[in-house]
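So the structure is just underneath, and the comments pick up after that.
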């Protein structure tokens, strides 16, 4: 399209007079930062590099049993000494060379002597040899199983159970069975543990309290087992076995894993009604239930009851309290838990520091978290792999890759070997739009290092691919996970909801939530938050209203900080002012601290609705809360002034940003001021701001020119409007259909219908994708009143 009129742009510094004099002064908008800013090769190099050989751990000295075991004959004592002094790698050959002598001896007595002298590895080797020779009975197996249990060798217990079956008609004692059950639970072999428990009862072995507690723990770790837990508790009481503090904490922890808050409270109250006095472990478990549910008020009530009943909080109590504050957004209160612990003579541990660092990370205060990390090291705590993983995750979210590399180097130098969680953290860091290949490369590196994929890894992969916008790969990982034998958990379903929330596919999201419930899972605050995001993205206002009713009406969903924050954001995306105000008031009424996202959302909605006084009140609240306004805050404030026809005030803020050392305006900032001047009919001022925008190195976008076109059209300056459109096309910026409509509507308001048709003809020649039928019909309707 050719420019018409008196040559609007050649006289302005923002536009070139012609291509022969100089190149275009207005370049295309700069591309988004390349994903290659993530130094993936360097990160993978750190992760795959062999860890420095750790200093050899001091082994427990293995000396001749002292005093000599009276139950052994002199020959047997000599044999035990020979076995225990022989190197493990060649022990099997040594045992074979003494076969006849060993078969004449009492294997169980030899095993007992080895176990009592601390030689459990030699005892295990002897038992395996005896098993192959058919010389191991149930008592021998019991002896070694209990020894392995005391040493925490759960994998060895499981392997021994698989390779050394009991002779027909024999059975272990209840202590040995309980040890095996515990080992199977720790190894994640829950179904095998339950099979063994059923076998134990078939054999007539009466479970002890410890046995029942271990099986309750199995159910808790399995998840979705509340009816079975209740049934087992009834069985315990019927057998005359009363629950103890460990039983209580185990059952409540099971409720915590599945988000069963009501069930946990009912069980706790029933315990008290039966005369049980809760101990600190039980109270701590209940604190964790409320903490993970985001209900910090109930957590504080539990703490008060605990102290009132003379049960002194311990370090775990304050760890849970700090975690509760962290999840509720109270980072300052979480940090104060460290001071409270010190005042009570309690030493914080690595978990305490990790929890407070998480609180800082949740509100984006990474520098404060790093300062606490340094403080932790100065006070003598050696960061473990969990601490490093936590810090790496925070740095990754903020794209502070240089510091990430330094942290990985420090981790390697300290002899802290990256584990599966470290790899999972790297997968999560790569989970950003446009970085799908990075996720795949990290996954390949993980597999090449022999790191086995766990359920957590698959959950991370589903979420990472979802953030990359790859629904196909996300669901592929879900299918691969189930094919590998992993059972989806609530984290898995939430990861799938995260994928769907980015597409607004609320219908599929609802089916996922239904499936969760069918499988026995209770949606948690994250589930509802993601479902709200699905509704918001898909424009399903009725869906948002349904969850609001569960939060404010029936009380089926607890109004945690996460839920209320998401309600503010979801209603904002759907432009539901009433819904936003209700959620915002609930945030304040419940004592939560609104974060900058909540404040900015409220400021923006008030600005868009021209509610000057309320917007100003929100801005003042931001400053009073100690938060620092960001660019979104100032853009919303400029939008408010622009909509109130105070564009000069909006420009003042723009100029302040231009002079700021810490924050610079973006294209939205300039567009907002330009739009304000255009709406006031001050097109020359708008064009002046455009000139300054280009001079400041900010490339205008299609919205910038669309706004200017609208400003000229509203003043019936059609030549100028068409010249702007021509300039856009010349510089590779495609006008929106709405841009063309603004011009046509202005022509029609001016009763210049033929010029409107001529404009459409010119557009159709230069924009081959433009379908002019709808606008032609609009002109006909405007001209003939149809």
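Each Cβ is built from the backbone N, Cα and C atoms, and glycine gets one as well.
Pulled from Swiss-Prot:
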| type | residues | note |
| --- | --- | --- |
| COMPBIAS | 27-36 | compositional bias 'Pro residues' |
| COMPBIAS | 37-50 | compositional bias 'Low complexity' |
| REGION | 1-71 | region 'Disordered' |
| REPEAT | 137-167 | repeat 'PPR 1' |
| REPEAT | 208-243 | repeat 'PPR 3' |
| REPEAT | 244-278 | repeat 'PPR 4' |
| REPEAT | 349-383 | repeat 'PPR 7' |
| REPEAT | 384-418 | repeat 'PPR 8' |
| REPEAT | 454-488 | repeat 'PPR 10' |
| REPEAT | 524-558 | repeat 'PPR 12' |
| REPEAT | 560-594 | repeat 'PPR 13' |
| REPEAT | 595-629 | repeat 'PPR 14' |
| REPEAT | 630-664 | repeat 'PPR 15' |
| REPEAT | 701-735 | repeat 'PPR 17' |
| REPEAT | 736-770 | repeat 'PPR 18' |
| TRANSIT | 1-95 | transit peptide |
Tertiary contacts of the repeat 'PPR 7' (349-383), as residues 6+ beyond its ends and Cβ separation under 8 Å: 315, 318-319, 322-323, 325-327, 329-331, 334-335, 337-338, 341, 390-391, 393-395, 397-398, 400, 403, 414, 416, 595
PLDDT averaged over every residue in the repeat 'PPR 17' (701-735): 89
Sequence-remote partners of the repeat 'PPR 3' (208-243) [C-beta within less than 8 Å, at least six residues beyond its ends]: 174-175, 177-178, 181-182, 184-185, 188, 190, 193-194, 197, 200, 250-251, 253-255, 257-258, 260, 263, 271, 276, 487, 489-490, 519-521
Residues from the same chain, set at least six apart from the ends of the repeat 'PPR 4' (244-278), whose C-beta lies under 8 A from its own: 209, 212-213, 216-217, 219-221, 223-226, 229, 233, 236, 284-286, 288-290, 292-293, 295, 306, 309, 311, 490, 520-524, 558
